[in-house]
Amino acid sequence: MARPGVLLLLAVAAAALLAAAVPGARGFYLPGSYPHKYNPGDYLNVKVNSLTSIDTEMPFSYYSLPFCEPQDGVKDSAENLGELLMGDRIENSPYRFRMYTNESDVFLCRSPPLGPDAFALLKKRIDEMYQVNLILDNLPAIRYTRKDDYLMRWTGYPVGIHVGVDYYVFNHLQFTVLVHKYEDANVARVMGAADATDAIPSGAKDAASSPGWMVVGFEVVPCSIKHNPEDVKSRKMYDQYPNKIKCDPTTVSMSIKENEPIVYTYEVNFVESDIKWPSRWDAYLKMEGAKVHWFSILNSLMVIAFLAGIVFVILLRTVRRDLTKYEELDSEAQAQMNEELSGWKLVVSDVFRAPSNPMLLCVMVGDGVQILGMAVVTILFSALGFMSPASRGTLITGMLFFYLVLGILAGYVGVRVWKTIKCGDHSGWVGVSWRVACFFPGIAFLILTTLNFLLWGSHSTGAIPFSLFVVLLLLWFCISVPLTLVGGFLGAKAPHIEYPVRTNQIPREIPPQKYPSWLLVLGAGTLPFGTLFIELFFIMSSIWMGRVYYVFGFLFIVLLLLVIVCAEVSLVLTYMHLCVEDWKWWWKSFFSSGSVAIYIFLYSINYLVFDLKSLSGPVSATLYIGYSLFMVIAIMLATGTVGFISSFCFVHYLFASVKAD
């Protein structure tokens, strides 16, 4: 990232964080959706998403269970790449309402008698705590439960409940649709957003003349009610149920039995609400634990201040003092002093000696720049609201898009480092570019393919379809690889970074160390982990516990602080190694900050053991470990790259000040 843009990014992050923190700034427009005006009596169609469970982490199709199907058949809704990769399968449902028309005791359907397989599957899904996820006007159904004095929010509702030896299914749903009048003020407020002007329907201009309503909330209360299947034999879908239904969520009575059907019903009430259209997502995105996020940032700032103090001492006291004393001597005195030198000044002729496996280092640095750039841009756009939950899958789609485009930067950096190590010789740049384009994507492809076979075997909707696999391969080889090669070509043409000192033919022997240097390198990862672990808990809870994570303003600042800590840690460790005459700093600078990935992986195992105790089955645990491994490899490459680049700049600056032949 260009240095002039750092202040701009900090300003943007501060503005995003301020918008999230100020109480009066809660109602803001989320790009990706626009107000839909419904006239009284207009049909509202409910959609269904995949069944999900924090017990198994494997989504399944809604219609894999004996639920009612629409009269005109099941149809897939429009999906983007991100939705498919997340395992979302949004389909139509038989639930339909009329705007501002309350309905009660609506008969939906009577399922076929439960065969042995369907009965066993339904019991299994209830045991595994699967949730039904409904969507109305792009809002997920939300359910409120009270525990002690706390009101808890949940998206979706459970398939059923297991009490004693019986299994009960929630076959009656009580819907509450919150609506708000379609007013000129709302239209003007949304049209004021620069990215929304083209999305306003043509009918918006006539909003004042024709009354209408907007959906601003969607709540559900599931009930288990014993219906008599014989009473509805002659009833059709949406007919009135013959008896009055009283929904009591505290009791259950519809137990499932083999070879018996299930009768489904629902009711809907429309309630006028004061919630404005721009604020309708507040119930889902309400930020929990703001003080904890601030504590995380304060903790990070303390670590940064501590490390900055060490760097300040190194640069301004130790290094500057030595260099000033060295430069004030005449030639004879310098020659005499050279014989008495100790520490980092002794490795002046070896410090820029090429590392072992230089091509692998260049490849990892190139991939790290690509991943870090993708993370910064994606989180920045999310903090500004461009990747809202109103547009499902946009976060994953955006990450994939930015990763592909930044392939040109990965190729450029990888080849530029290669050319620098080779002292200006750019031969082999094509091989470096190819490896940069294939190294991390190849690892990701291997991990995801293995996990995908597990999901395919379980018939989960989380499995990536074969057609999508083909699309991803085409994106890889038709966009990412060519862009990386273009970046490599530009890197080969760019001038290499000249070393300030010459390297001897014969390498200097490294004196024996009191302790293994790699032990210090591995331990250095604890400091970057200390700046990240609090925010990491919220991210892990969002991924694995089904909680909404939308505090990207905090996350962006934590990311910037993590980059600063990684740079400082690597710089200090590199200086310490040079002081003990260890000139093999290249790989150690990479792993001194990249070792934070080890602690993140250990934290992931800890989270699996203590926070995901209910995770059932070896397949679910394998999926969790596989995705965690994929995540920590990406983090290792990104943080390691930060450490390497900061150390290289420090070493170059340090020895550029030394007058030595």
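Each Cβ is built from the backbone N, Cα and C atoms, and glycine gets one as well.
According to TrEMBL, the protein has these features:
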{"type": "SIGNAL", "residues": "1-27", "note": "signal peptide"}
{"type": "TRANSMEM", "residues": "294-316", "note": "transmembrane segment"}
{"type": "TRANSMEM", "residues": "359-383", "note": "transmembrane segment"}
{"type": "TRANSMEM", "residues": "395-415", "note": "transmembrane segment"}
{"type": "TRANSMEM", "residues": "436-456", "note": "transmembrane segment"}
{"type": "TRANSMEM", "residues": "468-492", "note": "transmembrane segment"}
{"type": "TRANSMEM", "residues": "518-544", "note": "transmembrane segment"}
{"type": "TRANSMEM", "residues": "550-573", "note": "transmembrane segment"}
{"type": "TRANSMEM", "residues": "585-605", "note": "transmembrane segment"}
{"type": "TRANSMEM", "residues": "625-655", "note": "transmembrane segment"}
In contact by Cβ distance (the transmembrane segment (625-655), the transmembrane segment (395-415); 3 or more pairs under 8 Å): no
The transmembrane segment (294-316) versus listed stretches 436-456, 468-492, 518-544, 550-573, 585-605: most Cβ pairs under 8 Å: 550-573
Tertiary contacts of the transmembrane segment (585-605) (same chain, 6+ residues out, Cβ under 8 Å): 351, 355-356, 361, 364-365, 517-518, 520-526, 528-529, 532-533, 536, 540, 566-567, 569-570, 573-574, 577-578, 624-625, 628-629, 631-633, 635-637, 639-644, 646-648, 651
Intrachain neighbours beyond the transmembrane segment (359-383), with Cβ under 8 angstroms and 6 or more residues off its ends: 1, 9, 12-13, 16-17, 395, 398-399, 402-403, 406-407, 409-411, 413-415, 417-418, 421, 428, 431-432, 435-436, 439-440, 484, 550, 552-553, 555-556, 559, 563, 586-587, 590, 634, 637-642, 644-645
